[in-house]
Every structure is written in C-alpha cells, then in structure tokens.
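Q: Take this structure, written in structure tokens, and hold onto it; I'll ask about it next.
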C-alpha cells in the first residue's frame, strides 16, 4: 500500500469500504452545480424531467381518447403545482422533527430543492389539481386519470434518480454486486459530499441496497403492466389508474421494508408501509366495484346488418384495428360517456369483446313497430372520419329506420343564425320543425360576421353554399399595428382555402330564412320557460301556456339560454371585463382611403383594439350584397350606459390619433349604426351538450352551448359546425344514438377552440407599460404561432362524412 493511500486511510477510516474487491454502484458526490449565481440542482432536474415524461404520455393517451391536442398543458398548470405542494406538505407532516423539532428550521420546509417530497401527497394534491382542470375543460376526471396512469409511474421512475444524486433513500447493507456506495454529505454545503485531506469524497462504510433503483425499475414495470392490461381489456372508468395505484403500492410495500433511513413509525412499522397497505386496499375495492367500463368505445364505425322490424337482437358490430386519429374531427367517441339529465352516467359504445353487462328487458313500441334497444349498443358517432380517410362500406338502413326518420319532429328554440341554420337543415332532411322565437319578429343585427373556412364548410354542408357565395366578401390578412402605426405583424398572403370571408348579418339572415322551406313552422313572441326531460316520454318545452313536445329539442336560445340553465346549471355566464362596439358603414357613406393605406386590419393598444374589414363596393343596387365597411372596437371595462351619440363621441376620443382609417371610419359612422355589446362567456363550459330523454333528446347549440370571447372569430362558425354535425348524425343513426354522438363529438372540439380563444384573449388584452412592451416585442412570433396554429387549427374542421 502506498504512503499516500495509508495516510488517507488513517485520516478517514470510513473509506475502507472503497478497498473492498467486490463490484459496486457509485453515487455522485455532487448534486448541485452553479450557473453563475444560480444553483442547478440535480433533484429539481429529475423532477422536471419526470413531469415532461408524464405530460408526453398523457398527451398521447388523451389524443387517443379524442381529447383535443394541448389539453395536457392546461391540466399540468393545475396538477403540477398542486402535486408539488401536496408532496411537500405530506413530507413535512410525516417528518416534522427536521423542521419543528429541537434545533429544527421551520423555514427549511419551503426548501423543496433540497429533497423531501412524499409521493402520497403528490398523488393527492395532483389529483385535486387535475380534477379542477378537468372541470374547467369539461373532461370527466376518470378519463384524465386513466390517461395519466402509465405516465405517472414513469415520472416517478425518473424522479427517483434525484434521490441517487442526493445520496438518500437507500436500504440496509448488502454484499450483492450491485451494492451502492454512499457518500457522507456535507451538512454545511447541501448537495456536496464531505472530502478528506486529499480532497477525495468520504464514503460511508460498506455497500447498501439501492432502493431508489429498485423502485425506479418497479415503476417502469408498473407502467408497462398498465399499458398492456388497458390495451387488452380496455379498463376505463378510472380502473387503469386504480391498477397503477395497486401496482405501485405493492412495490412500495416491500421496498419500504428494506429502507433504513429515519422515518416515522407506528407500532414499530414505518408509516409508509401502513399507507401502502391502506391505499392498496382502497384501490383494489374500487377496481373490483367499478366493473362496468364507462370509457370504452368501438374504435371504428359499427357495421349494421339488416334486421326485421320486430327482431329483438342487437345489430352485429365489428371492431377492426383502429385508424390513426386525426387532429380534428376526433375519433368516433371520445372515450367518456355523457351524463343524463338525471345526473347518472349514460352507457358509452361497447365492443363485442367487452365484458357483458346486465340490461333491462327490451320493450316493444307498437307505435314504432321496433324494440327499444339497449343503451349499451354501439354509438354511431363514428360517422366522423378524417379528410381523405376511406370509410367502410355502409349497409343500407333498414326500412324501419327510414320510416322512423319520416315521422320525426323537432322544436328549435331561438331564431338566431344558429337556430335558423339547424331548423333549415332538419327540414331539408325530412323533419317537421317548430321554430320558437321570443321576439315579436325575426330580425338580425345591422352588423357583419366573419366566417373562417370551417364556418364556410359547415354552411356548404348544410346546403347553403350558393347563397353564401352571393353575399360573402373575402377577407385578406391586414396585419397588426400599434396605435403609433408601427407594424407588429406584417400582412401576409393567405391561400384561398384559408381565407375567411365577411358577410353582412342581414344578407346571411336572408340566406338562412330562404333555406327554411315549408316544413318549418315559425312562431314569434313565444318565451320558453321550462324544459322537461327524463323518463320514457319525449322531451318538451313550455312557454307558460302550452307544452311543445317533439322527438328532438334544439336549444339555440343564446348565451342566456333558459334550457341550458335548467339542464346544465354548472355553466355560468360571466363577463370578460370588456365591451365591443360594432358598426357597418353603408357603401355610399364609406370613406375613400388611398390605395397605399390598408382599409382592413387590426390595431392593438393598451386595453383597446380596433378591427376593420371591407364588405365590398357593390352596394344593394349593384349586386346581392349590401357592401360597405365593417368595424369592431373593443375597450376594457363595462358597457357604457350613455346614449349612442355619447358612446360614439367616447369612441372618437379614445381612438383619436390612431392610424388610418380609424379616424375616417369613426367620422363616417352615425349613432344609428352603432351596436354595443358586453363580452360574456360561459365558465365553465357545460359538462355535456346533449341529454337523452326517452326515445328522443335535447341538444345545446351555438352560444347556448359555448359562448366565448370573439377574439378568434369562431362563435358563428361553431354554431354552424353544431348544425352540420347534428344533421349528419341524424341522417346516419337512430335518434338516441345521434344525441349521444353529438355530445361526444362536439365537446372536445369546442373545448379546444375555447381554450385557444382564451389564450389569444390574454395576449390581446395586455395592459401596463412593461407588459405592453413585452407583448409588442414578442407579438410577432407569438401571433404568428397562435394565429398560425390556433386560428388555422380551429379552421381545419371538415364536415362529418355522410353517406346518406
């Protein structure tokens, strides 16, 4: 032995463990690095890496369930902070001596980066955060939990390597070849090992079980188990998450018994051992009791076989291999079931390989000469396919289905653009429609509406393309400027297929009314006050004098919908904190601007926004469209109570000195042109958009279902999407299945657009000098990304495939 080595051994005898001939796993001697004044801690990096892994896995599984892309980010914003807080609280409560005992430092309880996060608290806190996010997004919590189930153990496996860097969470001594070397850490210099006189890290004597590695490997196995079992049996209803909990706690039980670090004990047994047993039993009870899967679905379109009208058997269903999931429309079903009006969870579509479930005896309906089918029959929401995706050959519908369609009746509440569109669509499909309007006459606002390509496609699917082409004006990209004229985003050429159009509301209204036909009975001055659903009877609405009963009720009565308030009371109408003023200047009063000055475009200020667009120069005498210029002004604050003349004066003062043509447009506007409106939205969105009732149902449409800020211009477009979706589903399916399919199809689509709209709203409504500078500096790339991804993804919707 060399003299140098002898001296090291004499000074630090604990390093004798390093002279053992057997193999060993080394441990890092440093767990923190300095990047200038900022410490970079390995423990924190491992936690962040684990969160990223969990988000990636969860995002993939949520997309497979039909949830819109990006939802995992909104969930993570709630779940991650709540999980970290819960983990730290659990650690501090179960190990209080370090913080509140003799010589303890209470402030150290906030030093998360030094280690000490309890997984039980992390799961509990994260679950609360995920539940809150799921409520905001309108996604059932069980769907989120099942999607997270395999990602969470993978995140834990990655996070355990933070314990390796910290030289903690090891077991007893061992002579196994994978025994772990442990450094003696410096209490005065956290994250670094003590060193001897020669500068070598000091090791604890002997080798130890690397329990952190055992747990990491076990967690990887649990993740693979959850993926395999869920893929084979399609667990659903939170059972995949329960399986993860059982797998994790089973491993934590035996690994915890190996650990020798200080821990709270009860009856001589570590607290985490007791917790593992109790949590395992709770998860096992839930897994066994939740035997009816509520989040399974057939991954492709059901194949029907003709049957006799009196046959009592269910149609044959085939479940071929799943097709790749499109960005939008989503899969046939989103993986969760709609809640009925009574509050109970309805049955989703099922594959023949699913476990059997008990159903009530079928009852024949002599008036329809067909049996009432079980609610567990496959959903026909699968009529949705991605653009260009081949659709399986459709078996012709039975004579019973055709006769069933011929006698259907519908009541549409609200004669706005959404109500008119769906009433005309139902009438053209052979339905007898009653259209109820609260006002004494049906008249549109004297303003205009912008329709993105998805709204245009929806109108074409409704058979209104020719009427729209006659009155719509293309809306080229006008760019975004500051009030001083500086360009934040330069105008860009837009492909024709992505170019929105602007149309006068009166022109659009005339086209919708012309498409009603003689099967629509329009009744004005009718105020709907009640809605009746549930039981075996058909749904109905009442106006205080008469009950209007029909096979289908469509609530298109706007943001203050009476029907939505009764069926979905969780959706609240809230003010967004801003108001808009809109006007259309007729073509004969429209200002003439130089050719080098943009007539359309957007200007952003501190809490103010001005948007303008040309409606064309044709005029009522030279064509079908009225022509003119349309503008919208937005200001933070509540609506103004003053007369229109005073409001117009305020607008001219607020926007004085803004770039052309703002001054000219406001000067050409008359008080009678002005329409003021408070910006309101639904927070949260309804948990469901359709409610089954006996052989029929009730659906929410337009602002009654998803009122949102106007910053992406998708309000009218989504209303037309709703109408086109409902029309297609009703052509392809029995009414109860079409109602369920409407809810499953529209909820993820609407949630994605609303989320994008709120993000854009936060960018566009920035106030404060520093915030404005940051926004303006980043608005170019941010807006390019948001408008390029958010607006274009919202506009990528395609009408549902229909073979009718």
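Every residue number used here counts from 1 along the chain in the order it is shown.
Cβ atoms are placed via backbone N, Cα and C, with glycine included.
Those TrEMBL annotations? Automatic predictions, nothing curated.
Computed from a predicted structure; not experimentally measured.
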Q: Between 192-210, 211-229, 230-248, 249-267, I'd like to know which one TrEMBL lists as transmembrane segment.
A: 211-229
Q: Among 70-90, 301-321, indicate the range for which TrEMBL gives the feature transmembrane segment.
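A: Going through 70-90, 301-321 one by one, TrEMBL flags 70-90 as transmembrane segment.
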Q: If TrEMBL is the reference, give me the range from 110-132, 340-362 marked as transmembrane segment.
A: 110-132
Q: Among 21-39, 40-58, 173-191, indicate the range for which TrEMBL gives the feature transmembrane segment.
A: 40-58
Q: Quick one: mean pLDDT on the domain 'FAD-binding' (410-570)?
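A: That region's mean pLDDT is 89.
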